[in-house]
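Per TrEMBL, transmembrane segment is recorded for 5-24, 36-57, 69-90, 96-118.
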Amino acid sequence: MDRKYVMTALGYGLVGLLMGIYMAHSKNHAQVVTHAHIMLVGLVVSFIYAVCYKLWLAASPSKLSTIQFYTHQIGTFVMLISLFLLFGGFAPESLLGPILGISTLSVLISMLLMKILFIKSKPKN
């Protein structure tokens with residue numbers, strides 16, 4: 001799982017950096033909220049999860065760790081696409097608000113699952 005999380009974290013990092021470069025060049029900062037969420041939820045949180053797996057959690061994935069991974073990835077991806085559509089003016093808040101709420105809950109559930117995995121784990125020697 002640690003490698004999967006590092007790969008997705010770096011992918012989000014590249015997307016976030018490209019978006020930041022585009023905003024700086026174009027002087028259009030409409031997507032600053034999307035950019036911040038890509039960098040924090042996509043890059044930073046995913047990388048923190050990778051570190052948790054590498055240092056403390058079991059190497060072989062369990063059913064719970066697989067659910068945790070996909071809950072985070074799906075929630076993050078849907079959140080970021082929805083934020084992009086919202087702040088780009090491509091879709092109204094009335095449409096995207098509920099989608100953003102569900103995707104945010106998915107990311108929250110993922111973090112709760114990580115907490116459970118961490119509590120249940122045995123210390124590595």
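The backbone N, Cα and C atoms fix where each Cβ goes, and this holds for glycine too.
TrEMBL labels come from automatic prediction, so no person has curated them.
Using the rule of three or more Cβ pairs under 8 Å, pairs at least 6 apart in sequence, the transmembrane segment (96-118) is in contact with the transmembrane segment (36-57). Packing against the transmembrane segment (36-57) from elsewhere in the chain are residues 1-6, 8-13, 15-16, 19-20, 65, 72, 76, 79-80, 83, 107, 111, 114, 117-118, 121, 123-124: each is 6 or more residues past its ends and has a CB under 8 Å from a CB in it.
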